[in-house]
Amino acid sequence: MLLHPILRMSTIALSTITLIDATKVPQCALYDNCGKTSVFGSELPCVIPKDDLSFQPEPPTQELRDFVADVCGEEWKDVDSLCCTMDQMKSLKENLKKAHPLISSCPACMKNFDSLFCHFTCSPQQSEFVNVTKTTKSKTDKTVVDELSVFMNSSWASEFYESCKNVKFSATNGYAMDLIGGGAKNYSQFLKFLGDKKPLLGGSPFQINYLYDIPPSSGKEDEFDYFNESVYACNDEEYRCACSDCELSCPELKPLKQGTHTVANIPVFSFVVLIFYIVVGVLLIPVYLHTLREKQRILKITELESDDSINTSSNLEIQQQQSDEDEDHEEEADVPDNSSYSLNIYMSRVLTQVGKISVNNPKIILSITIIIISFFSILFGLFGELERNPINLWVSKNSVKYKEKQYFDEHFGPFYRTEQVFVVNETGPVLSYETMDWWFKTEQEITESLQSSENVTYQDLCFRPTEDSTCVIESMTQYFQGQLPDEDSWEREIRSCARSPVNCLPTFQQPLKEELLFSDPNPLEANAFVVTFLLSNHSDSAELWEHQLEKYLLNLDIPEGLRISFSTEISLEKELNDNNDVFVVCASYLVMFLYASWALKRKLGGTRILLGFTGILIVISSAVCAAGLLSFLGIKSTLIIAEVIPFLILAIGIDNIFLITHEYDRLRDRMPDIPINEIIIKTISRISPSIILSFLCQAGCFSIAALVSMPAVRNFALYSAVALLFNVILQLTAYISVLTLYENYFFQDEYKRVTDGDDGMQDNEGAFKKSYEKVLKKKTYILCFFVIWTAASLFFIPYIEFGLDQTMAIPQTSYLVDYFHDIYDYLKVGPPVYFVIKNLNLKERENQRKICGKFTTCDQYSVANILEKERSRSTIVEPVANWFDDFMTFLNPQLDQCCRFKKGTTDVCPPFASPRSCETCYKQGEWDITMQGFPEGDQFMKFFDMWIDTPSDPCPLGGKAPYSTAVSYSETGIISSTFRTAHKPLTSQKDFIDAYNDAIRISESFEGLEVFAYSPFYIFFVQYRTLLSLTLTLVFSALALIAFVSGILLGSLKTALLVSVIVSMVMIDIGSIMVWANIPLNAVSLVNLVICVGLAVEFCIHIVRAYTVVPKGIDTDRDSRVLYAMSTVGESVLKGITLTKFIGVCVLAFAQSKIFEVFYFRMWFSLIIVASIHALLFTPVLLSFIGGDYSIDKMLEDSSN
């Protein structure tokens, strides 16, 4: 497909000349052809001895002059003598034709290229810079050149290279320099590639050495001159190159907005927070000093006025307490002592009636419960389905990116399936001859012998550029077309192939760049090589073969010192669904069950295992009912839902069981003579409003999250909210029924025998009360500590990173862990990106100018020009494969091997038909780089149909191989097309996110065009485009909902706002912990943040309600209500909420999957610690300072008062 014959030009044209001076006597070093040295070789020029002053070239005929002027330029038209013949010029023209399709878009490069070869071939002063150093005999026994030196001006050579180095060859998504210069990185490598002797590869049949200095010791300073002909820069006014080939010709784009603003390397938000803290600190210092002086003054006055018999410290304490009490009573003067909140009374009455039904008819309730659970279980069995496709987890089917993926697959075919293998030596170079021998055999077995259960092989499934092409295998074995090289030469050959891939084309005729195959530019120093197999078949047969490949590679016998890592197209989904952490999650449930059974025990004896077991059954039943209902409604479950929802519901549900049971025990202890059923009803009346308040806050948070379009988040939120609903219903019915039966059966007379004179419960509450009396004495210091903690945490919020490394989502024992690490460490190419343009009528010239790049009248801000310019400032680095430019260049009549008709007709001429029977589609002068004469209307599609079916050999611009899947078209026009490029190597989640954002930004910059960017990985990074705003929206919405619900059900807006403040502080602290614990923000952590809001409410809401709704007889100042709340509900919060979750979460530390360790263990463990400290210390202190109003619970009078 690509051109080895290009190299033959070095035979005919490779050297130097100063200027064509007609006054000088012609001095030829080479003249005419003197035969071949082998049957398959090319004609070699005759050598003219330096001392042969008698030689004079034949005077050029007018035909020769015209021919030279046509090939080399009008400046040759008046040259009187030439060191070339017509045969040499014909050969030169044929070889220049090979290069012109590659560089014709850059007139400066092509002019310099032609100038060099024309002067080498025909300059009459040829011998002034060409020195023949070695000769040989042809088959006709004539002296021919075997090696020569060319003296080249280094500035000319450098400018020549600079004019050509960025010329793109769209068909290979690469550079023309890869083909005409072997991927040269400087002018010396470029000219060396052209001069190296490569007769069997279609290159130079003799060695040409370019010299840029004439050594003084050689004595040839006066004998030779440097070649220094006119040379043109790529932005030369006369020979200006296209933007895609010359950055200096590109338009200036609008400056990019800074993505992250910093001040002194600190995020702006953190910097502002820091300055605010400094300002507040400076202002508070004098206030603190003034307050300190006032206290000292008051202390002295108090000491003088106090009685000698009264301790000074006691007086101060009494005065402070009196002052606090006066303040409390002043603030509470507006609230009548017997006030009550009607909504609280109404809710208590309704729930009490529900509780009475369960208490009075426990067996009927349990029977109905079993029937309902069985019904939903059947629904789950019939309709339950687990969503396993990662794409369907993270992107809504209604989202723009999902539809764009569907559009791409429908119009250009699904992206090929990729099977990739890394062979790694971590201690040194990976390549040795033994390794080569082993891998050549292994690869041959994979591609030819490995069969699936259907007897299908790689050859049946592989990707082929054309129907008659061989399979694409991106492997270093393809440098040798699958044949192991000789042991004596393999190092030299593989180094040469990596340096100049065009010299080692595989059978599918696409050059393989070294960065695609090796981890180092020098393959002999590389620690790894990469092999990629591509499948174009997307049927079940492909999956079966991939299963077989996976099995083969897992059991492959690997040489000592090496290791492999690999991935198949099925690997990620398979490993995600093979998570081994189910046992860890079950163990967590078991531990929480055992703890609950122990912690629910009576103070008077009895473990209550049955109640603990009932609690676990209710949690499982809640999850099953939710799954059954939502599955019936068509909402699929996910692996995370299946593993986490029961844990979440258990963590929340067990709290309510503790609250109910502890409240029952407390009332039973205080009223031992009242029947058990009545005590349970009073318990429901007292605690059920608190449970409903907690439920509404938590379910509200999850319901808000259910509004998110991301399926993983939405489905999780729906399952959580519905499971919580079933959980509360079952707790207030089924659990109450079980508690009624259990207590009546086992402990009917227990209290009468044991509780006489026993003050155990009162002692326990007294201990709690005394502890918090001490806490309240230090409340100022505690308040300051929490405020400073939150303030410090706020500073670190902007440092939260984004992303979800794939290694986190899979078990740490998975073979994919090494593969993902090797991608980051050893893969030196980035993923492809396709800019898809649709609904653009390319039969009109105006629209053609919007996408082209290689022609002088293309729009300044065309698609090609913008993409070229973006390569210097974005993650997009590869040249753009522009099918339109190649299509139009294909029509260039100077490329007489491309678009051809049979003479006298409009029938397509076959690719290798004789030039005598064909003629170019366009006549000379009909096609111009200004786009004059380019086809429009129906002619456009006529030529397009011809181009898209043209192979790449002998015309490399043929569209069949490189573009057959890049353009979607019909008989009447182009429907849509892709412009392919690639990102830089992406080695972190930040790189992937930046690459995605770059692609979106660029696609939105094309004004007046329907453009979208597509790459296979984009679908997984859609979330990060709006993740930050989505997170803030969900959290703030949840906080607002908590304040709203709490305000209504508590009857105190001030207290409700305090609940939101406490939860906000917890979330800010969790945010800072995410930074220190390396927990990135992604869809999983977003779900967890929503959970954190719900659980944070759970920790504090029961205390707040007990503080707000108090029985008659309780002192109503803030401190007294705080002490009452903590002595009654505090123990349940500590034992039932904090310790239950703490014990259950600790088990998750043993999970094999990093996603459980990082996003569940680390995050939930942090939440439990932070939320419990805030609930048990900060909440009572804050309520003591600025707590809101209270109301009297008329449904229950505290018997102790």
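Every residue gets a Cβ built from N, Cα and C, even glycine.
Automated prediction, rather than curation, is the source of TrEMBL annotations.
Sequence annotations record features per position, and here TrEMBL assigns signal peptide to 1-22.
Taken from TrEMBL, the feature transmembrane segment applies to 268-289 (among others). With a cut-off of 8 Å between Cβ atoms, the residues of this chain six or more beyond the transmembrane segment (268-289) that come close are 261-262, 791, 794-799.
Per TrEMBL, the feature region 'Disordered' maps to 312-338.
Residues or ranges marked as compositional bias 'Acidic residues' in TrEMBL: 323-335.
Under the heading transmembrane segment, TrEMBL lists 364-383 (among others).
If you average pLDDT over the domain 'SSD' (581-741) in this model, you get 82. Residues or ranges marked as domain 'SSD' by TrEMBL: 581-741.
Per TrEMBL, the feature transmembrane segment maps to 582-600 (among others).
For 609-633 (among others), the entry in TrEMBL reads transmembrane segment.
Tertiary neighbourhood of the transmembrane segment (639-661): same-chain residues 386, 388, 576-577, 579, 581-582, 585, 588-589, 592, 596, 599-600, 608, 611, 615-616, 618-620, 622-623, 626, 683-684, 687, 690-691, 694, 698, 712, 715-716, 719-720, 723-724, 727-728, 731, 735-736, 739, 1084, 1087, 1091, 1094-1095, 1098, 1102, 1129, 1132, 1135-1137, 1140-1141, 1144, 1160, selected by CB-CB distance under 8 Å and a gap of 6+ residues from either end. Taken from TrEMBL, the feature transmembrane segment covers 639-661 (among others).
As annotated by TrEMBL, transmembrane segment applies to 691-710 (among others).
What TrEMBL records for 716-742 (among others) is transmembrane segment.
Under the heading transmembrane segment, TrEMBL lists 780-800 (among others). When Cβ-Cβ distances below 8 Å are used as the criterion, the transmembrane segment (780-800) is approached by residues 267, 269-270, 273-274, 277, 1065, 1068-1069, 1071-1076, 1080-1081, 1174, 1177-1178, 1181-1182, 1185 of the same chain, each at least six residues removed from its ends.
Here the transmembrane segment (1027-1050) has Cβ contacts under 8 Å with residues 341, 343-344, 347, 689, 692-693, 696-697, 700-701, 704-705, 708, 802, 1056-1057, 1059-1060, 1063-1064, 1067, 1081-1083, 1086, 1089-1090, 1093-1094, 1097, 1101, 1104-1105, 1108-1109, 1188 of the same chain, all six or more residues outside its ends. Under the heading transmembrane segment, TrEMBL lists 1027-1050 (among others).
The transmembrane segment feature in TrEMBL is assigned to 1085-1110 (among others). Sequence-distant contacts of the transmembrane segment (1085-1110) (same chain, six or more residues past either end, CB-CB distance under 8 Å): 341, 344, 640, 648, 651-652, 655, 659, 689-690, 693-694, 697-698, 701-702, 704-705, 712-713, 716-717, 720, 1027, 1030-1031, 1034-1035, 1038-1039, 1042, 1046, 1050-1052, 1055, 1058-1059, 1062-1063, 1066-1067, 1070, 1074, 1079, 1116, 1121-1122, 1124-1126, 1128-1130, 1132-1133, 1137-1138, 1141, 1159-1160, 1163-1164, 1167, 1171-1172, 1174-1175, 1179-1180, 1183, 1187-1193, 1198.
According to TrEMBL, the feature transmembrane segment maps to 1122-1151 (among others). Long-range Cβ contacts of the transmembrane segment (1122-1151) within its own chain (Cβ-Cβ under 8 Å, at least 6 residues beyond either end) map to 581, 584-585, 587-589, 591-592, 595-596, 599, 647, 650-651, 654-655, 657-659, 662-663, 666, 690, 764-766, 768-769, 772-773, 776, 1095, 1098-1099, 1102-1104, 1106-1107, 1110, 1114, 1157, 1160-1161, 1164-1165, 1168-1169, 1172, 1175-1176, 1180, 1183-1184, 1187.
The transmembrane segment annotation in TrEMBL covers 1163-1186 (among others). Within its own chain, the transmembrane segment (1163-1186) is flanked in space by residues 772, 775-776, 779, 782-783, 786, 1054-1055, 1058, 1061-1062, 1065-1066, 1069-1070, 1073-1074, 1077, 1079, 1085, 1088, 1091-1092, 1095-1096, 1099-1100, 1103-1104, 1107, 1118-1119, 1121-1122, 1125-1126, 1130, 1133-1134, 1137-1138, 1141-1142, 1145-1146, 1148-1149, which lie at least six positions past its ends and keep a Cβ under 8 Å from the stretch.
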Result, the transmembrane segment (716-742) in contact with the transmembrane segment (364-383) (3+ CB pairs under 8 Å): yes
Stretch-level contact, the transmembrane segment (609-633) and the transmembrane segment (691-710), CB cutoff 8 A, at least 3 pairs: no
Beyond the flanks of the transmembrane segment (691-710) by 6 or more, those residues with Cβ under 8 Å of it: 347, 351, 394-396, 398-399, 652, 655-656, 659-660, 716-718, 720-721, 724-725, 728, 731-732, 1023, 1030, 1034, 1037-1038, 1041-1042, 1045-1046, 1049-1050, 1083, 1087, 1090, 1093-1095, 1097-1098, 1101-1102, 1105
